[in-house]
Amino acid sequence: MSKVSGGDSKNTLYCSFCGKSQHEVRKLIAGPTVFICDECVELCMDIIREENKSSLVKSRDGVPSPQEICGVLDDYVIGQQHAKRVLSVAVHNHYKRLNHAAKNNDVELAKSNILLIGPTGCGKTLLAQTLARILDVPFTMADATTLTEAGYVGEDVENIILKLLQSADYNVERAQRGIVYIDEVDKISRKSDNPSITRDVSGEGVQQALLKIMEGTVASVPPQGGRKHPQQEFLQVDTTNILFICGGAFAGLEKIIGQRGKGAGIGFGAKVQSVEDRRTGDILKDLEPEDLLKFGLIPEFVGRMPVLATLEDLDEEALLTILTQPKNALVKQYERLFEMENVRLTFSEEALRAVSRKAIERKTGARGLRSILESILLDTMFELPTLEGVEEVVISAEVVEGKARPLYIYAERQGDVGTGA
């Protein structure tokens, strides 16, 4: 029985799980000889929810349906329905291909690597991170900007397979069924349209090195990193069944697409629309493989990623939803931070819309929302721990626009009236 007797606290009840008193939590629920607080109940629900998601892959002979995968992505990623469908179908087919290969059928199913293209802050990396939470196959994320050709300072492409091995606890058979996400792949584009006469060790050279592992080869992977321990034995990993997903912002690609589309309208009746009048996501929908070649990807590299998925710009409504709806929503995070100071944080709807508009103006997408909120709340978070009696902080649209200070509402004490500062 979580009850303390003696002194002033003889009637105080405590949670049997976390030990917090009834005064530290919103609700304390009594059971036979035990108590549980609302915070522990929420934690238990989160644990059960995560276990349900991780057991997603147990349905239908171990193959989750595209709708099930897309449903989990919807919990964390706002919008981008087309990209979610592409990823869901690709992962579903990846599972089916693995099961098909295990049955030694006469038809060989080839994998379809994916290239995700979209403006910065639209959710490419978050989609990959969310996939990693729910999949029952080894998953790793790599950064293309750190890769160089073998023999130069930087990471070899084999290090990607090493990370996959580590996520599979060095089980080679499991690693050979995994999924690899390579981020910032646009940063390894060729530095000019023409083949370089000098060594491009972090651009075209990396693309050449990635070709074989993406298509399928037996890679020799040093378990401790090849350059530091040259005498170690190598592990042999077959990359034929590893699914590769590449993502990048490809800044400037919309201009290449726009130049190609300029010749479409001729004559008095032609509709002419400048690239500036269209949003980046809309322009990217007209993407053709030849545009990627002009951007600096080599033909062989583009050919190994047959599935192209473009992501859209996030509009004001999408950014507003990102601020408030997901489990890791920024507004919820800051509300919890203020709760730790026993202060309620309130945003007006107009304030949240002003934050969304500011992110659109900066062209930083969802990634820029946190920096905007930080700048708005910086002075308040600095002053709050030393202020007494503050019950609520209200953020209005004027505060976001820099025309006013946050409103502080004080608790009434012995007849005093609350004031705003």
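Every residue, even glycine, has its Cβ placed from backbone N, Cα and C.
Per Swiss-Prot, these features apply:
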- 3-56: domain 'ClpX-type ZB' (DOMAIN)
- CYS15, CYS18, CYS37, CYS40: Zn(2+) binding site (BINDING)
- PRO119, THR120, GLY121, CYS122, GLY123, LYS124, THR125, LEU126: ATP binding site (BINDING)
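For the binding-site residues shown (CYS18, LEU126), fewest C-beta neighbours within 10 angstroms: CYS18.
Note on the domain 'ClpX-type ZB' (3-56): its mean pLDDT in the predicted model is 79. Most other Cβ atoms within 10 A: among the binding-site residues PRO119, GLY121, GLY123, that distinction falls to GLY123. For LYS124 (ATP binding site), other Cβ atoms within 10 Å of its Cβ number 26. Put simply, LEU126 (ATP binding site) is 36 Å from CYS15 (Zn(2+) binding site) when counted between their Cα atoms. With respect to their backbone Cα atoms, LYS124 (ATP binding site) and CYS40 (Zn(2+) binding site) stand 33 Å from each other.
Take the binding-site residues CYS15, CYS37, CYS40, CYS122: by the count of other Cβ atoms within 10 Å of each Cβ, the lowest one is CYS40. LYS124 (ATP binding site) falls within a helix when secondary structure is assigned with DSSP.
The two recorded residues GLY121 (ATP binding site) and CYS40 (Zn(2+) binding site) have their Cα atoms spaced 34 Å from each other.
Candidate binding-site residues: PRO119, THR120, CYS122, THR125, LEU126. Nearest to CYS18 (Zn(2+) binding site) by Cα distance: LEU126. The residues near the Zn(2+) site, meaning same-chain residues not in CYS15, CYS18, CYS37, CYS40 whose C-beta sits within 8 angstroms of the mean position of the site's C-beta atoms, are SER16, PHE17, GLY19, LYS20, VAL25, LEU28, PHE35, ILE36, ASP38, GLU39, VAL41, in sequence order. Neighbour density for THR125 (ATP binding site): within 10 A of its CB lie 16 other CB atoms from the protein chains shown.
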